[in-house]
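Here is the structure we will look at.
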There are 2 protein chains.
Amino acid sequence: MTDAEKPVELADLLDTNDLVGMRLWLAEHPPYEIADALARLPPERAIVPFRLLDKDRELEVFEELDPGQQQAILVGLRDSAFRELLEKMEPDDRARLIGEAPAKIAARALAGLSPAERRMTAALLGYPENSVGRFMTPDTVVLHRDLTVARALEVVRAKGAEAETVYVLPVVDHGRRLSGLVQLSDLVTSSPDTLLKDLVDVFTPRTYATDPAEDAARLMQEANLVALPVVDSEERFVGLLTFDDALELIEAADSEDIARQSGSQPVHGHYAAVGVLRLARARAAWLLLLIIASTLTVNVMQGFEATLEQVTALALFVPMLTGTGGNVGSQSATAVVRALAVGEVRLRDLHRVVWKEGRVGLLLGAMLAAIALVIGSLLVGTGIAAAVALSVVAICVWAAVIGSTMPLLARRVGVDPAVVSAPLVSTLVDATGLLIYFSVARAVLGV
Amino acid sequence: MTDAEKPVELADLLDTNDLVGMRLWLAEHPPYEIADALARLPPERAIVPFRLLDKDRELEVFEELDPGQQQAILVGLRDSAFRELLEKMEPDDRARLIGEAPAKIAARALAGLSPAERRMTAALLGYPENSVGRFMTPDTVVLHRDLTVARALEVVRAKGAEAETVYVLPVVDHGRRLSGLVQLSDLVTSSPDTLLKDLVDVFTPRTYATDPAEDAARLMQEANLVALPVVDSEERFVGLLTFDDALELIEAADSEDIARQSGSQPVHGHYAAVGVLRLARARAAWLLLLIIASTLTVNVMQGFEATLEQVTALALFVPMLTGTGGNVGSQSATAVVRALAVGEVRLRDLHRVVWKEGRVGLLLGAMLAAIALVIGSLLVGTGIAAAVALSVVAICVWAAVIGSTMPLLARRVGVDPAVVSAPLVSTLVDATGLLIYFSVARAVLGV
């Protein structure tokens, strides 16, 4: 690839302080690509290209950024620009930004808002973190169920241009209680004097504003909904959760689960913009805990030190056995954690899951034992090989049972099942697996 | 919870063959919950409640099922019901079902279709597996860019009722080349004689029908699109990828990545309905490969057997060291695989990523070495403890570098980076880590 063909990167233009180049680059790229480029920059530098954006594109780019990146941009803006940007944001995005910001920025942000916008934002901030209320869109067009289609279209025409979501419209009764949703396309294609109550889909699912946002997003995925109506405890309509929130929630939830599965705390923010220290901090807690837990393995090995001195060759297979146990346990744990996350397994399925995974472990153990027997016989002789093979079977069943039980137990005590990570299962299976191995070896070899 | 409060489950009603109870249950639940209950049943039994569904709800429930489950239902239907159901399916769902079905069922399915539907399905099946073309909706209302808003609304009214997606409408020029999208809400709220070409968003992203479907879904997430227009190689509009496809694609892609990250092949289908043999098969291949690879650890240990016989206590720390190396390597690999999947890291970032992860590994290694030094000194004395601590630092840096390099190298050679699983990294780091440990120990202890 010659230099001329290589795509110009915003970061390079920023490095050379090429203002003209940056302006051109910004004009040529769609908002989501600009946001992606800004997200890759260290937060304190992203403000430079952001200030070069056309006034009318500022908001679009800003709304594509994560709350953390938005914060970094905001603190770099003059007060008037700061207030203007916040005032124009969508209420749910604004609430999330303010909810995650330090108290000082949050106060400055709320103070700068017009009374109407402040009221809307304060209402959303009243909902618990990670609840549907924090992510929903409150300012949608609401239609009364006794309206005709013709009248409803007039309402949409009058108010629809400002409202965020007009693919689907909530239909309510006299007490603002939700009847259901009506699709804009149904309004357009239905005869003008049809009543809305005859168009509403009675099976439309709904969610409470205090429900977990991730569950609502998974429901939207399962039921193919472009928007999910949100109600309060008295079934009154309070907002819409829209498909873009669902997409974002599912991707974020999966990213968190994936991080937890590897024994990390989730790191929010773009990988390229997150520093070494923050990455290390997110990973340190579990590693510390696990290395301390692994002292157990040292203790078990010490308990069998006499056996080890007699038959040093037993030590040769320790990494193979702990590795295999960890692998089988991780597979089981990962499968069950994912099945829980997407709703395919529930708490009451515990005994069915463990029974299934135990049998999977037995099958895999039998297969791996055969291999271990061959490898062991070739390298050290049949006695030790037999001990290794028998241990492999026992360890695989045990690892599968532990790996599948722990996520369900975590869910039962209200902990995110995803903390039952591959490293955690491996570490737990290591110590118990060694106990199995040396006990079996002593019995088989008679030492 | 008393028995009366416990929710009745479809599976229990099926167990007792309670037809009346099943009919009632089906009438009381929305389609997506019925589909979920069917998905939990063994495929051959799901046909019983499915046959009890009202004719007009059959299709809705059917379309919520996975292709595999749909297949199992189809083979249990009489020929007329089979044909009727397929004819009414959306073309993209049908194409996916037929594409994944055994040749015999696929042929029977295609033969039963009306010529128009058969043509549409055959066109979608012409696109490569997992490409956008397989997932897009081809029968949307298409508008010409020279139309006025009033005329466009007439077209929507005339054709919109049958077409699947009418939140957004593709706008094309004379050669059916895509100009962009227009929102239905914009049509409703704009003045009737506005021309479509003045309403079209010029920054609307587009995708080619042969592009990978997952990439298109991630783009929709990033750009908050309710639908993404799909074009052929000559920029002619051929279909729309809709938000529900994007949600499904992202959830499926994440499920696959998560399975691969634990060293499993992805298993399609509901966890509750997948048998022990299929689960074991999905996990066996990697386990086999990894246990064979772990023979390397036996070889390394054998190479240092003389050292081990001299200082048996060195063996005590083998599980702790291999465990820690595996944990650090898995964290790095998982972080990089996820960053690649969501587009935060690209191939050309290789050196930046490795440099970052190497420093993270150094920080974590230094911290863990301090702990290992304390544990080792307490349990066996300072000489071996020093060897263990030094090894921890080296192994952590090495594990982080290996864990972050491998996913990028996999992407470079065109392999899914997610195959660089925690078990794979652990196994690779095990053997090399032992080599480091024993070399360091020999140097420190002078044996």
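For all residues, glycine too, the Cβ spot is worked out from N, Cα and C.
When pLDDT is averaged over the domain 'CBS' (B:136-188), the result is 87. The feature domain 'CBS' is assigned by TrEMBL to B:136-188 (among others).
Positions annotated as domain 'CBS' by TrEMBL: B:195-258 (among others). Applying DSSP to the domain 'CBS' (B:195-258) sorts its residues as follows: 31 helix, 16 strand, 17 coil.
Residues or ranges marked as transmembrane segment by TrEMBL: B:284-304 (among others). Beyond its flanks by at least six residues, the transmembrane segment (B:284-304) meets 263-265, 318, 322, 421, 423-424, 427-428, 430-431, 434-435, 438, 442 of its own chain at Cβ-Cβ distances under 8 Å.
Under the heading transmembrane segment, TrEMBL lists B:360-380 (among others).
The annotation transmembrane segment is assigned in TrEMBL to B:386-410 (among others).
Look at TrEMBL and you will find B:422-445 (among others) tagged as transmembrane segment.
Listed as Cβ neighbours of the transmembrane segment (B:360-380) (distance under 8 Å, sequence separation of 6 or more from its ends, same chain) are residues 313, 316-317, 320, 324, 328, 332, 386, 388-390, 392-401. For the domain 'CBS' (B:136-188), residue counts in helix, strand and coil come to 16 helix, 16 strand, 21 coil, using DSSP.
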